[in-house]
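Peer 1: Let me begin by handing over the structure; questions about it come next.
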Amino acid sequence: MKNSIIELARELIRRPSISPDDQGCQQIIAERLERLGFQIEWLPFNDTLNLWAKHGSGSPVIAFAGHTDVVPVGDTTQWQYPPFSAQLVDNVLYGRGAADMKGSLAAMVVAAEHYVKANPEHSGTVALLITSDEEAAAKDGTVRVVETLMARGEPIDYCIVGEPSSAQQFGDIVKNGRRGSITANLYIQGIQGHVAYPHLAQNPVHKALGFLTELTTYQWDNGNDFFPPTSLQIANIQAGTGSNNVIPGELYVQFNLRYCTEVTDDIIKKKVAEMLAKHQLNYRIEWHLSGKPFLTAKGKLVDTLLDVVEKITQNRPHLDTGGGTSDARFIALMGAEVVEFGPLNKTIHKVDECVNVDDLAKCGEVYQHVLCNMLERV
């Protein structure tokens, strides 16, 4: 299994699939799966390519989800090796996407291949959902596939998203949820004027100070057993013309909340509106909801994955909901039990992104054993 995973991972890394350009990665995967009897369905939306592949029929539907797109490489002269050369040095595979997430994608594919070869008449459905739009807009990828499946009443019961979840050593963390993410673009209106004549103007920066203080010090909740407290950060702020003698006519503030299951996006919007009204601000606000929080508590998938990882690594992982958003938030909308599990995330999006190939081999073992155990237990 190890050599097959390494070979496929290197083949995928050599394709410069900057989001949302798949660069033929999914075609490589589809051809492999089709030879084993997987049904291949292409679900393209705009410039994004999506693959929905499945083997078997009926329930339970156990899916692996991942993405072929990667982030830009930046200054290539800073890399030890060309970022799309897939160099293997001292058991470490280098390249953009090695950890996020072409390595675990290769492990998924090979694990599914091994399982289907050994169990051609298995019960239930083994599926793979692969997109080329995760790292950028994430508008035409997994979310559109999920919408398509839900519209035709096609379920996913369990799903492992192959994001690099491990922190210090392989298998130490299983992500069983994520916080929600909502961003506000706030425009506070004033009256532009000369700084020497403040009585003829209205400075929106001065007017907003009380509101901004309340906004940044407000305690939304105390978190819970699964999530830390909701947090708010101002990401961007802008006012003025650049001149030192002009009172600005508008203040722009962009802030983001990473919120837990103790609040909702509606509660957040309502509270912010109350604060703005309290401070008597003339404003316009635009909200963008990136994803609602989700949580997969104890269940067959979580229990099975924890047991399998412990058996393979000799260490029991712990559950965690930290970090940013992922495509798991879309799959959770189907009512599926969803977790994220993959290799170390220490080098993702960095120069010299890399992954230990022994970890990839273990990752493939985990995925295959989960299939065996889940389909036997259901």
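The backbone N, Cα and C atoms fix where each Cβ goes, glycine too.
Below are the features listed in Swiss-Prot for this protein:
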BINDING   His67, Asp100, Glu163  Zn(2+) 1 binding site
ACT_SITE  Asp69  active site
BINDING   Asp100, Glu135, His349  Zn(2+) 2 binding site
ACT_SITE  Glu134  active site, proton acceptor
Peer 1: In Å, rounded, how far does the Cα of Glu163 (Zn(2+) 1 binding site) sit from the Cα of Glu135 (Zn(2+) 2 binding site)?
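Peer 2: Rounded to a whole number, the Cα-Cα distance is 12 Å.
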Peer 1: Excluding Asp100, Glu135, His349, which residues of the same chain place their Cβ within 8 Å of the centroid of the Cβ atoms of the recorded Zn(2+) 2 site?
Peer 2: Val70, Val71, Gly97, Met101, Ile348
Peer 1: For the recorded positions listed here (Asp69, Glu134, Glu135, Glu163), which one has the lowest count of neighbouring CB atoms within 10 Å of its own CB?
Peer 2: Glu135
Peer 1: Based on Cβ atoms within 10 Å, give me the single least packed residue among the binding-site residues His67, Asp100, His349.
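Peer 2: Comparing Cβ neighbours within 10 Å for the binding-site residues His67, Asp100, His349, His349 has the fewest.
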Peer 1: From the Cα of Glu134 (active site, proton acceptor) across to the Cα of Asp69 (active site), what is the distance in angstrom?
Peer 2: 7
Peer 1: Can you list, in sequence order, the residues of the same chain other than His67, Asp100, Glu163 whose CB lies within 8 Å of the CB centroid of the Zn(2+) 1 site?
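Peer 2: Here the non-site neighbours turn out to be Gly66, Met101, Ser104, Glu134, Glu135, Val161, Gly162, Pro164, Ser326, Gly342, Ile348.
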Peer 1: Can you tell me the three-state DSSP label for His67 (Zn(2+) 1 binding site)?
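Peer 2: For His67 (Zn(2+) 1 binding site) - judged by DSSP and reduced to three states - the answer is strand.
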